[in-house]
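Read the structure below first, then the notes.
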Amino acid sequence: MSNRFAVILAAGQGTRMKSKLYKVLHSVCGKPMVQHVVDQVSALGFDEIVTIIGHGADAVKSQLGERVSYALQEEQLGTGHAVLQAESALGGRRGVTIVLCGDTPLLTAETIDHVMSYHEEEQAKATVLTAELADPTGYGRIVRNDKGLVERIVEHKDATSEEKQITEVNTGTYCFDNEALFQALKEVGNNNAQGEYYLPDVIQILQTKGEKVAAYKTAHVEETLGVNDRVALAQAEQVMKRRINEAWMRKGVTFIDPEQTYVSPDATIGQDTVIYPGTMVLGQTTIGEGCVLGPHTELKDSKIGNKTAVKQSVVHNSEVGERVSIGPFSHIRPASMIHDDVRIGNFVEVKKSTIGKESKASHLSYIGDAEVGERVNFSCGSITVNYDGKNKFLTKIEDDAFIGCNSNLIAPVTIGKGALIAAGSTITEDVPSDALSIARARQTNKEHYVTKKNN
């Protein structure tokens, strides 16, 4: 197999998006479009990936990092000019180069590999990825010769009435012999209305030289969708969402309503998990087996253990053990660790805390910056008071402690093993193990007070 290279075009301004955000950084299923393209290419182990950047160059580099190399197109003078900027990285190297658009997030590694393999088998100098469209209006048509090779690509506006009947179109993805590509690019002119250098002109140059130009027609038309506006962005979102959800359903995950469930392409879900509508599984979240998620639940960059239920709640950047019950209306904030068999109930917020096995906070509690042992009970209205307006402090609660209703634990403070905090207490000092701590005003009953007051 030849050396393989990729050039990803990501320098266009994307004015039709009507956005301050650079076009290829708009997200599809939670990930920037250009990131999807890079991920698919990277999966094939290419020798080098060059991303052409221009508008928003720093933002694109920040997103992609060192996974790719970069070439700057300072002036946007067309797709041919853009690819030519990669010459410093790829010029003179033998191999095959595929040119991809950074706004085609649906293109898969499988299709990319098929195009390149077909190109090598055909021993062509160029291969065009094509698709058959029911309505090809606006697309360049593929005109083939009697041998089935590409004779020319005719833009819609230049096509004859007969050529407009052709339904095979150019998708904008090309595979080239690398050396032939850069040699031909230097011959591309800009004698057109826009004064730009167009990559498809390379096809005509190679044909004029008698070189072989092939076409690989994909059956997966939806993969070729280029996103140029918000309508196409929504279409891409729907296609990818369906693709992701169907893949998990085939692996044994139940989606009650796939159209209303959103799963990141980087997420992992275990067998026999059931996901209800309105649930979002975002980022690099890992879900165990036999879980119940939703409805209306958001999980992001978190790990959820087997047989855990998260209902109408939010979990971000945290780890949750097995057989845990969360919700409804709970919020697990970043850097939290919830161990096995814990109950986090309605209207409970946990932030940057560790909660030991079999502990419970069933309702209306805030647990922040805390180390909680095993079998601890937080009664209704329990609060760890962790912030003095400037600094955050630690609350430590040891195994088997019982925190009574409407209690405030003023950090830094330690509640000893098996200690009991009486309801309504405000605790400012450490409580020894097995102690009962009462920190509230003594109740006084004044008999007949109301009668005397009203007379």
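Keep in mind that glycine also has a Cβ here, set from the backbone N, Cα and C atoms.
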*Since Swiss-Prot lists N386, Y387, R440 for acetyl-CoA, which candidate among A401, A423 does it give for that site as well?*
A423
*Cβ-Cβ under 8 Å with the region 'Linker' (231-251): same-chain residues at least 6 beyond its ends*: 17, 26, 28-29, 33, 36, 105-106, 222, 225, 258-259, 261-265, 269, 271
_Candidate with the highest Cβ count within 10 Å, taken from the binding-site residues Y366, Y387_ = Y366
*How many Å lie between the Cα of A11 (UDP-N-acetyl-alpha-D-glucosamine binding site) and the Cα of Y387 (acetyl-CoA binding site)?*
47
*Candidate binding-site residues G140, N386, R440, pick with smallest Cα gap to N228 (Mg(2+) binding site)*: G140
*So how many of the residues in the region 'Linker' (231-251) end up helix, strand or coil by DSSP?*
20 helix, 0 strand, 1 coil
*Which whole-number mean pLDDT does the model give the region 'N-acetyltransferase' (252-455)?*
98
